[in-house]
Amino acid sequence: MSTLLPKPSILILQTPLHTHRSAITSLTPFNSTRQRSKRLPSLIVNARAPSQTKEEGSSLPSMLTDLKNDKPTQTNHSLVDSWREIHGSTDWARMLDPIDPLLRSELIRYGEMVQACYDSFDFDPCSKHCGSSKYSRRHFFEELGMSGCGYEVTRYLYATSNLDMPNFFKKSRWEKVWSKSANWMGYIAVSDDETSARLGRRDVVVVWRGTVTGLEWVADLMDFLKPVTSEGIPCPDPDVKIESGFLDLYGEKDATCRFSKYSAREQVLTEVKRLVELYAKEGGEEVSISIMGHSLGSALAMVSAYDIAETGVRGDCPVCVFSFAGPRVGNWKFKERFEKDLGLKALRVVNMHDKVPQVPGMIFNERVPQAVRRFVDGLPWSYSHVGVELELDHKKSPFLKETGDVSCYHNMEAHLHLLDGYHGKGERFVLASSRDPALVNKSADFLKDDYLVPPNWRQDENKGMIRDDEGRWTQPERPKPDDHPPHTNYHLQQLGLDSN
């Protein structure tokens with residue numbers, strides 16, 4: 001028999017809004033009898049929360065149901081035993097519908113590594129550090145409140161901002177800036193000993209920064225398909241093609257800039273090669289390579305995974321892409337080469353209402369019949385998704401409001417929220433963890449107004465301004481950004497790549 005919920009009350013954050021991302025973990029009732037709301041449920045779903053009743057009203061979110069009685073939250077297998085299946089060895093057969101709880105938790109864990117790119121990136125054009133990471137490589141996770149994630153960042157990734165991509169690259173208005181022709185693009189990290197023991201292998205992750213907005217950046221990049229061999233990727237099939245904008249972003253460099261003097265491609269290949277040699281070849285450990293990104297970062301994740309496999313730097317290590325809200329990347333030949341010839345795995349998490357995963361190739365894509373495909377595959381606007389799709393629906397979440405703002409549909413935190421409540425097609429939306437729904441509004445206006453969580457609430461204290469010794473407000477100096485390790489040229493030579 002259901003138990004009546006206590007009257008909910010207005011909620012306030014336990015911590016100030018300028019706290020680190022992971023510090024905002026719960027919302028606490030404010031005990032004021034004058035400001036109580038009869039319709040406002042707690043945002044936090046307790047695993048032992050009582051079920052709603054008709055007396056409480058159907059407007060209460062259904063995830064307040066006792067999760068232990070409603071959905072299994074425990075799994076009878078561990079990562080040590082099943083990481084290969086989580087990594088796609090069986091193409092996630094019987095793991096998506098209903099979703100495997102361990103897979104869900106791993107997707108959220110990897111997704112939070114992607115979200116860390118947004119939380120650390122300096123978007124402010126008034127900042128002299130705009131376009132860089134706010135935090136140094138050595139203290140990256142610590143500064144984000146993620147010191148317990150169990151990974152060490154070994155390298156930052158940069159790309160030249162000389163490309164015509166105004167909706168992606170961010171530049172400072174200051175004359176003297178950290179770099180006039182580079183943007184921070186993400187990072188490479190490796191699991192520490194304790195985490196590796198829990199995961200069942202040493203995990204190397206490549207994480208790409210994406211785009212916060214919806215479709216604006218698509219116009220910057222969508223041009224035409226071109227052969228991967230044009231970027232020096234050693235593919236035996238000249239008909240394997242990738243969107244030219246993605247290849248340009250991945251392969252361009254600026255010899256005059258200390259940050260983008262190596263292309264993103266060269267940075268990824270040399271660091272992955274070094275880590276594979278260190279842990280797999282020299283250390284004799286089992287190593288996995290996990291590559292992830294959101295939006296445009298998802299496209300770069302696909303391209304870099306393909307390149308890592310095609311050039312052979314992965315050795316015998318399995319490579320898997322965890323994609324969030326990503327567009328199509330290449331043609332059908334690319335799909336075949338990616339999946340069949342190279343044995344790469346990709347799991348694409350998408351919101352069915354988001355338009356970004358539907359482009360490019362809205363007309364000719366992987367959905368066209370086989371009989372038609374042989375006629376259209378050679379067309380410059382024929383694209384195909386790779387891997388396996390996990391489709392979510394933001395309209396299933398009782399936390400989210402109706403909105404015409406398509407950037408909300410594309411939002412990374414919203415995808416993590418949807419993953420947390422997803423149990424399978426046709427199943428009720430019930431949050432499976434204590435992950436705070438308030439995070440959805442970190443850089444969006446997507447939560448229902450009744451929850452009293454302000455939109456776009458995450459910002460640095462005083463927008464990063466501090467008082468100097470004279471009492472004037474000014475921007476603080478930061479440590480010089482990390483550029484590239486000295487061993488880069490050595491590994492480029494080993495790969496037969498020209499660093500000039």
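From the backbone N, Cα and C atoms, a Cβ is placed for every residue, glycine too.
As given in TrEMBL:
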REGION    48-75  region 'Disordered'
DOMAIN    205-362  domain 'Fungal lipase-type'
REGION    458-500  region 'Disordered'
COMPBIAS  458-486  compositional bias 'Basic and acidic residues'
COMPBIAS  490-500  compositional bias 'Polar residues'
Residues of the parent chain within Cβ reach of the compositional bias 'Basic and acidic residues' (458-486), under 8 Å, 6 or more residues beyond its termini: 16-18, 21, 119, 124, 127-129, 132-134, 136-137, 155-156, 158, 178-179, 184, 258-259, 261-262, 267, 271, 442-443
Tally of DSSP helical, extended and coil residues in the compositional bias 'Polar residues' (490-500): 6 helix, 0 strand, 5 coil
Per-state residue totals over the compositional bias 'Basic and acidic residues' (458-486) - DSSP helix, strand, coil: 4 helix, 4 strand, 21 coil
